[in-house]
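Working notes, structure below.
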Amino acid sequence: MSQEKYIMAIDQGTTSSRAIIFNKKGEKVSSSQKEFTQIFPQAGWVEHNANEIWNSVQSVIAGAFIESGVKPNQIEAIGITNQRETTVVWDKKTGLPIYNAIVWQSRQTAPLAEQLKSQGYVEKFHEKTGLIIDAYFSATKVRWILDHVEGAQERAEKGELLFGTIDTWLVWKLTDGAAHVTDYSNAARTMLYNIKELKWDDEILEILNIPKAILPEVRSNSEIYGKTAPFHFYGGEVPISGMAGDQQAALFGQLAFEPGMVKNTYGTGSFIIMNTGEEMQLSENNLLTTIGYGINGKVYYALEGSIFIAGSAIQWLRDGLRMVENSPESEKYARDSHNNDEVYVVPAFTGLGAPYWNQNARGSVFGLTRGTSKEDFIKATLQSIAYQVRDIIDTMQMDTQTAIQVLKVDGGAAMNNFLMQFQADILGIDIARAKNLETTALGAAFLAGLSVGYWKDLDELKLLNETGELFEPSMNESRKEQLYKGWKKAVKATQVFAEIDD
């Protein structure tokens, strides 16, 4: 095989790890995927075995080489993208985690988050980190591990332990302990990092009693962090030179380099991120302020809205209600529905995310009649995803005083043409679906490739991931607003139901 050079992206997700090899045109040459165990010690708790994650990553690296015939010395650089917020604490000498990784979804630290709120820290944390106080972020997870593993606090203070999000853990393992680093986008999700001053926040560390010695060094999203130890990369010493949390990597992979550009990834949940440029903008309306990416000595901020249930609502139709045999079938049924959209599904199975942040809300359905069919119910479930996206897009426009013209989309549910057309209709703007839906891995590859000169600059990248399809709005204004008003009523009723005591 010719000695063509490639970039490898490692995409470490919530349920599986993947390795993807990309060529110079940004095309996928090969990929390998491996699922790993989800651990649920108690209701609402979600954990992973960090060593099992590492083993799965080693396995998919090998799989990507085997499938493509590409050799380790043909990999110019490695980019890493990861499930964000998930927290690992390990022993510096042995490299062994002292507890399972606590996953972003896990609610086991909710009492600690509530305690911080009741102590009056909400505003302080928001101003420094851009985040709301929530168990979602890493800070309370680190504190929980130090509290619940015997001797951990003392060992952390002695400098015997290290903390990292998954990116940090993987770089540490790949370099055989030579690099203990993270990047701006992952640091910004810990609730320990001051995103204005770009440093770990001493006051927050003191409030939570987390020793600074355990924290990784924070670096930009596109630079060489270290090289793979040859025995961890099949003989190759390859620079690891790009890193970003999954949603920020997707923003970069979608080429959303200009302020005002917005992308939405329709995955298990839905994550909408807007590039707000070099000015940090705190949301007045419950969106998160975070770092999009930092390259070439500049940091670009972002606003983010998280929807907990998106693609997983379609999985619920399939696995929970058995209304469809596979996810793509939901599109066919939705098109067969002939009602007037008076049914509303509010899929608040784990509470409502942005901009409501109501963790007590639960799923509900409104507007059922004797004539409601399976097709109507499926259509209403798909529409609920689009309504939630509108909630966030409207909020972003209020926060930034800008009119969003186009929404760039990717992720599994973005393949559903019915959903994409309804999304365009209910927003009244164009929906641009990426040609290459692997935008998360592609973003990590782009960041890595830029750092080593594999791609020259952002202008060269702009030629690599064009729009695959454009969905334009076709619904009249009064119909659009009437439907959305019904959705707002349904959400309000859902929240009222959650508040009523017996």
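Quick reminder: no glycine exception, Cβ is built from N, Cα and C everywhere.
Here Swiss-Prot flags Thr14, Arg18, Thr268, Gly311, Gly412, Asn416 as ADP binding site. Sequence-distant contacts of Arg18 (ADP binding site), defined as residues of its own chain at least six apart whose C-beta falls under 8 angstroms from its C-beta, comprise Ile10, Asp11, Gln12, Ser31, Ser32, Gln33, Lys34, Val60, Ala441. DSSP assigns Arg18 (ADP binding site) to a strand segment in the three-state reduction.
Per Swiss-Prot, sn-glycerol 3-phosphate binding site is recorded for Thr14, Arg84, Glu85, Tyr136, Asp246, and the stated evidence type is sequence analysis. Take the CB of Glu85 (sn-glycerol 3-phosphate binding site) and look out to 10 A: across all protein chains shown you find 24 other CB atoms. Look at Glu85 (sn-glycerol 3-phosphate binding site): DSSP puts it in coil.
Gln315 (ATP binding site) counts 15 other C-beta atoms within 10 Å of its own C-beta, drawing on all protein chains shown. According to Swiss-Prot, the feature ATP binding site maps to Thr14, Thr15, Ser16, Thr268, Gly311, Gln315, Gly412.
Summarising the annotation, Swiss-Prot assigns glycerol binding site to Arg84, Glu85, Tyr136, Asp246, Gln247. Shown in sequence order, Asp11, Gly13, Thr81, Asn82, Gln83, Arg84, Thr265, Thr440 are the residues of the chain, 6+ apart in sequence, with a C-beta less than 8 angstroms from the C-beta of Asp246 (sn-glycerol 3-phosphate binding site). According to its DSSP assignment, Asp246 (sn-glycerol 3-phosphate binding site) is helical.
A sphere of 10 angstroms centred on the C-beta of His232 (phosphohistidine) encloses 16 other C-beta atoms. DSSP assigns His232 (phosphohistidine) to a helix. According to Swiss-Prot, the feature phosphohistidine maps to His232.
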Counting other C-beta atoms within 10 angstroms, the emptiest spot among the binding-site residues Gly311, Gly412 is Gly412
Say you check the Cα of His232 (phosphohistidine) against those of the binding-site residues Thr14, Ser16, Glu85, Gly311, Asn416; which is nearest? Ser16
CB neighbours within 10 A of Thr14 (ADP binding site), counting all protein chains shown, number 20
The most crowded of the binding-site residues Gln247, Asn416, judged by neighbouring Cβ atoms within 10 Å of its own Cβ, is Gln247
Most Cβ neighbours within 10 Å: which of the binding-site residues Thr15, Ser16, Thr268 is it? Thr268
Using C-alpha atoms only, work out the spacing between Asn416 (ADP binding site) and Gln315 (ATP binding site) and round it to an integer in Å. 13
Show which residues of the chain containing Tyr136 (sn-glycerol 3-phosphate binding site), separated from it by at least 6 in sequence, have their CB under 8 Å from its CB. Glu85, Trp104, Gln105
